[in-house]
Amino acid sequence: MAHRVDHEYDYLFKIVLIGDSGVGKSNILSRFTRNEFCLESKSTIGVEFATRTLQVEGKTVKAQIWDTAGQERYRAITSAYYRGAVGALLVYDITKRQTFDNVQRWLRELRDHADSNIVIMMAGNKSDLNHLRAVSEDDGGALSEKEGLSFLETSALEATNIEKAFQTILTEIYHIVSKKALAAQEATAGASVPGQGTTINVADTSGNTKKGCCST
């Protein structure tokens, strides 16, 4: 969703995390929204989401990040999970070649179910485990270039490029929404920012709270 309000934040953007189970999606979520990392995190069951409010080019943006289980038995939630998403972080594990080989399957699913204008970034996670690397950074870069995606290698453990990944996605979404708003205003004087998808009202969660396991 790309939804505009006038009070606590200017925009609410829904971003989905996708990729195989075990690639570190939940720790990316907790690192970005709560600055936490849990070494013994268990596989996600169903869907979780968390929020964080931050500044993007002078605007207050509330990022609503959704995390889903990677296991096939949870694929029934697919259409609802993608509905209204304006950004996606597609994650693979640099130490597990199979998770990289499955990236294109995840891309097909995303493009089948999500809005055609969705902003997608590919992230090679667990860059702190370079000694166990099974996917080169060049391979990741080549695939992302072929598919027209942004690309970074990340480490939720060391907090490497997590902030940059989400800032990049949110900034690109903001640019798209701003262009649509400008076009709408030119077409219809006084038109407001067009909504995308379904707006879901959720309770605000402070992104600055540090609690639970392995707080930093």
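Think of each number as a place in line: the chain as shown, counted from 1.
The backbone N, Cα and C atoms fix where each Cβ goes, and this holds for glycine too.
Remember, predicted model here, so these are calculated numbers, not experimental data.
Swiss-Prot annotations:
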- 19-26, 67-71, 125-128: GTP binding site (BINDING)
- C213: S-geranylgeranyl cysteine (LIPID)
- C214: S-geranylgeranyl cysteine (LIPID)
- 41-49: motif 'Effector region' (MOTIF)
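The secondary structure of K25 (GTP binding site), as reduced to three states from DSSP, is helical. Taking all protein chains in view, 30 other C-beta atoms sit within 10 angstroms of the C-beta of K25 (GTP binding site). When the neighbouring Cβ atoms lying within 10 Å are counted for each of the binding-site residues (G19, G22), the highest count belongs to G19. Counting other Cβ atoms within 10 Å of each Cβ, the binding-site residues T68, S127 show the lowest value at S127.
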